[in-house]
Amino acid sequence: MSLYNFKKIMVVPTAKDFIDITLSKTQRKTPTVVHKHYQIHRIRHFYMRKVKFTQQSYHDRLSQILTDFPSFQDIHPFYADLMNVLYDKDHYKLALGQINIAKNLIDNVAKDYVRLMKYGDSLYRCKQLKRAALGRMCTIVKRQKSSLEYLEQVRQHLSRLPSIDPNTRTLLLCGYPNVGKSSFINKVTRADVDVQPYAFTTKSLFVGHMDYRYLRWQVVDTPGILDHPLENRNTIEMQAITALAHLRAAVLYVMDVSEQCGHNLQQQLDLFNSIRPLFANKPLIIVANKCDVKMIAELSEEDQKIFSDLTAEGIIVIETSTLTEEGVMKVKTEACDRLLVHRVDNKMKGKKVHDVLNRLHLAMPAKRDEKDRPPFIPEGALTRKKTMDVDAPKRKTERDLEMEMGDDYILDLQKYWDLMNEEEKTDIVPEVWEGHNIADYIDPEIMKKLELLEQEEELKEKAGEYDSEEESEDEEMQEIRVLAKQIREKKQLLVATSKEKDIHGPRMPRTTTKVERAKLEKEMGGLGLDMTDKDDSHYAQNARRSRSVTKKRKRDVSVVPTSKTRSQSASRPPRDQSGLRDATMVKKAKIMMKIGQRDMIRQGKKGEGDRHIYDLKPKHLFSGKRTNGTNDRR
Amino acid sequence: MRIEKCYFCSGPVYPGHGMMFVRNDCKSFRFCRSKCHKNFKKKRNPRKTRWTKAFRKASGKELTVDNALEFEKRRNMPVKYNRAIWDKTVEAMKRVEEIKRKRQARFIMNRLKKGIQLKKEEDIVEVKKNIHLIKAPHAGKAKQLEAKMVQKLQEDVDMADEDL
């Protein structure tokens with residue numbers, strides 16, 4: 001319960017912010033408009049409201065701070081002690097006390113000024129009173145600046161404390177710095193505590209969780225403890241001591257056999273003896289770590305004696321190496337078992353057990369006959385249980401492969417496929433062919449069906465279904481076809497020519513136009529008649545007899561004055577020769593001119609600037625069926 | 001990857017093209033392009049819209065019942081990959097496609113045979129009616145007449161000679 005609240009403490013604002021927030025809130029949430037000519041009770045009410053509102057805001061926020069921060073009586077003594085170690089109980093209580101005092105002072109100020117406001121007789125006076133009230137309240141809060149800062153820091157640190165449940169099954173690691181406590185917790189749980197060669201890498205308590213026998217266990221890693229009396233200990237060591245003192249846990253005292261931590265075995269033994277009183281009533285195991293460097297058997301006589309003394313006293317010593325992982329599981333199982341036994345014993349000694357025991361009854365079935373009926377446990381369950389106790393090496397995962405291969409790694413899930421032939425796993429499976437899905441054709445009986453189809457096909461071919469039908473057309477039919485085609489073409493031509501005429505105005509009948517002799521002869525010649533030698537035909541004679549066209553009289557050519565213009569034209573070179581040196585240049589210039597005009601002429605434009613589009617909706621783009629594709633050009 | 005069928009025009013919808021619409025009764029409709037999608041939204045019946053494959057099949061303009069068409073069918077049970085089966089299937093598929101195309105072409109050809117007949121008759125009628133546009137009725141007649149007259153004169157001369 002106490003763990004939960006630490007994260008829910010509201011932010012403690014700095015003094016300046018607190019004042020700003022409250023004052024702006026007052027301005028926003030209370031009416032702002034008041035005039036001199038209002039009735040006096042209205043003016044008084046207006047300013048009293050502001051004072052009371054400010055007082056209310058401060059009061060609320062400060063009370064919230066006071067209730068949010070845990071009191072030392074309300075929380076578990078482990079946390080109380082831890083907080084004392086980290087934040088100093090006195091300072092903490094003082095800060096909260098100051099806040100309380102500030103709250104009361106603010107209330108008093110508001111009360112006084114509201115009382116005074118009742119006697120304010122003008123807007124100006126009421127306003128000054130309100131100003132004074134707010135000013136005093138804000139000064140009170142300003143004086144609490146240091147308390148508020150301290151409380152904010154405490155809050156931030158509190159919310160980051162590890163959530164250790166003091167009542168559940170816990171393993172506690174302690175020992176000198178650098179002996180291997182953090183490595184141990186990293187191996188046994190999923191925690192990722194920093195492991196570094198310098199002392200005091202772990203500066204606070206860390207929690208890891210592990211599973212054993214279907215139960216959840218906490219493993220608590222402490223900072224290293226040095227051997228000096230309690231009074232000389234600093235905050236970091238005190239955290240470890242607090243944990244040792246308050247948590248009912250199995251203690252794992254870690255020793256460094258190889259003395260790499262910088263302290264020899266005798267010093268470690270001395271430390272052990274000095275904190276021994278803290279291990280009373282707790283299952284104890286001594287973990288002789290770093291045995292890959294040096295085993296106990298390799299030690300000198302005196303050092304071995306230390307260990308033999310400890311075992312003689314009845315304390316279990318287990319050799320481990322967090323590097324090679326030997327002995328780690330043994331420690332875990334041993335510690336967990338012993339703690340469980342210890343807890344069960346305690347519970348049995350307590351009072352609550354009897355209530356439960358009275359209600360429990362284990363029923364044993366009476367034997368029917370002499371046949372032996374042992375409980376059946378399938379083999380798989382036994383093997384699984386074994387692997388649960390001793391973590392079997394897990395199979396190599398893809399992630400491990402990825403880490404090994406680094407940049408060369410390619411995810412290839414096809415290698416896990418379950419196929420009949422192993423070599424086919426790396427095949428590229430075709431999926432599509434020419435717009436058809438191959439998966440649609442896959443059928444175990446496809447060959448049989450294909451056989452049937454081929455037979456059908458053969459039969460059909462034999463029956464002559466696929467013969468291309470060329471009806472032998474006789475010559476007459478061919479001729480008719482050719483003639484018909486010519487007729488159609490001629491018809492189209494006639495229609496086209498008549499459309500081209502585009503006559504505006506009154507239409508003259510066909511007979512008014514004179515038929516020219518050459519045209520008549522050409523047309524009739526096209527139709528197959530023989531038109532040579534028709535000079536004495538009727539139409540030719542008629543043509544001669546009609547009045548010959550009289551030519552117009554030629555106008556007299558007037559004499560053009562030559563004096564001025566000729567001289568000008570002689571002195572100025574003509575435009576197409578000016579600026580050009582020789583004949584080749586003239587030629588080239590002409591060619592360039594023609595090239596420049598070529599596009600314009602081809603598109604039928606009047607000039608460079610002619611952008612007129614004659615046909616905004618050309619028929620060929622807008623007519624016809626719209627199948628797949630674009631209609632921008634067809 | 002699959003090439004789906006457009007709901008409206010029955011054309012192929014390649015991956016990365018077209019749209020899919022899922023209705024509230026969990027039926028999904030795929031469209032190959034916005035033309036089909038818009039027609040669908042206008043509630044047009046693909047069986048009545050002339051340019052779609054559904055219309056062509058429903059009005060008998062294309063081959064519908066045939067053994068070669070039974071090979072391509074969407075099956076719901078996936079088959080485990082086996083190189084032999086896949087190879088065989090690919091070969092069989094190519095052969096089936098050939099046969100299918102031949103048969104579809106033959107069907108359409110048969111359907112259009114009537115048109116050829118009609119065209120022939122039209123040609124004959126056309127020639128009969130409008131031959132005057134390309135050939136004058138008396139086209140070769142002048143020469144014929146001349147030849148006839150010459151022949152007749154020759155005969156007269158001959159007869160006169162005989163009499164004499």
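Cβ atoms here come from the backbone N, Cα and C positions, even for glycine.
Taken from TrEMBL, the feature compositional bias 'Basic and acidic residues' applies to A:513-524, A:596-618. Feature annotation from TrEMBL assigns compositional bias 'Basic residues' to A:544-555. The compositional bias 'Polar residues' annotation in TrEMBL covers A:561-571, A:625-634. Feature annotation from TrEMBL assigns domain 'OBG-type G' to A:169-340. Summarising the annotation, TrEMBL assigns region 'Disordered' to A:498-634.
Under 8 Å from some Cβ of the compositional bias 'Basic and acidic residues' (A:596-618) lies no Cβ of any residue in the same chain that is six or more residues away from its ends. In the predicted model, the domain 'OBG-type G' (A:169-340) has a mean pLDDT of 86. Within the compositional bias 'Basic and acidic residues' (A:513-524), the DSSP-based counts of helix, strand and coil residues read 8 helix, 0 strand, 4 coil.
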